[in-house]
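Asks: Structure in structure tokens, see below.
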Amino acid sequence: MCAARLAAAAAQSVYAFSARPLTGGEPVSLGSLRGKILLIENVASLUGTTVRDYTQMNELQRRLGPRGLVVLGFPCNQFGHQENAKNEEILNSLKYVRPGGGFEPNFMLFEKCEVNGAGAHPLFAFLREALPAPSDDATALMTDPKLITWSPVCRNDVAWNFEKFLVGPDGVPLRRYSRRFQTIDIEPDIEALLSQGPSCA
């Protein structure tokens with residue numbers, strides 16, 4: 001069993017994990033976000049839904065961030081090589097290419113990582129184990145096997161860019177959404193969690 005899967009198996013919540021910010025510096029412990037509602041997405045700057053999903057991620061962070069939502073983006077190049085920029089190039093790609101028009105993410109972006117296979121970031125190994133399939137499409141799979149570039153291949157693999165994981169204020173993953181489920185449409189689920197008040201976690 002690889003290190004990522006061992007870490008995932010031992011974890012009880014996302015608070016066991018950390019990730020390095022896209023702009024560099026010390027890793028951010030997700031434990032520092034205890035009590036917040038987290039929306040975690042694997043992102044890519046050259047995907048057909050980049051404009052839609054990035055702008056909707058910004059919108060949710062803008063509207064619901066003051067009430068306790070934290071949006072986290074993890075660039076990944078495993079799906080059609082649609083995040084082939086270097087870490088230091090991604091923000092400029094977003095600003096000038098897609099979405100373009102001076103776009104700047106107002107949510108936390110982390111360094112590029114893998115979400116599937118032996119090299120998967122331990123956070124995503126944990127999320128996939130906790131939520132094996134998207135709630136809106138339990139049969140979601142990679143649509144073109146020729147594009148699978150990782151090993152081993154598992155039934156709970158992330159199928160494409162912009163899969164979403166909603167995590168409660170106790171750090172426990174609650175719901176997974178497919179790439180086809182629009183980010184903005186998660187708002188009612190987030191609102192339901194926010195209305196429950198602060199967690200004792």
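Placed from the backbone N, Cα and C atoms, the Cβ positions cover glycine too.
Annotation comment: Swiss-Prot describes Unk47 as active site. Taken from Swiss-Prot, the feature phosphoserine applies to Ser32, Ser195, Ser199, supported by similarity to another entry. Marked as N6-acetyllysine by Swiss-Prot on the basis of similarity to another entry: Lys86, Lys112, Lys146. Among the features that Swiss-Prot reports, N6-succinyllysine is placed at Lys86, Lys112, Lys146, with the record citing similarity to another entry. As annotated by Swiss-Prot, site 'Subject to oxidation and hydroselenide loss to dehydroalanine' applies to Unk47.
Set these features in their place in the structure for me.
Replies: Note: Unk47 (active site) has non-local neighbours Asp53, Phe79, Gly80, Gln82, Trp160, Asn161, Phe162, i.e. same-chain residues 6+ apart with C-beta under 8 A of its own C-beta.
The number of other CB atoms found within 10 A of the CB of Ser32 (phosphoserine), across every protein chain shown, is 10.
The Cβ of Lys86 (N6-acetyllysine) lies under 8 Å from no Cβ of any same-chain residue at least six residues away in sequence. DSSP assigns Lys86 (N6-acetyllysine) to coil, not to a helix or a strand.
Within 10 Å of the C-beta of Lys112 (N6-succinyllysine) we count 21 further C-beta atoms, all protein chains included.
In this structure, Lys146 (N6-succinyllysine) is part of a helix by DSSP.
Listed in sequence order, the same-chain residues six or more apart from Lys146 (N6-succinyllysine) with CB atoms under 8 A from its CB number zero; the list is none.
Using a 10 Å radius centred on the Cβ of Ser195 (phosphoserine) and all shown protein chains, the other Cβ atoms total 8.
Classification of Unk47 (active site) by DSSP places it in coil, neither helical nor stranded.
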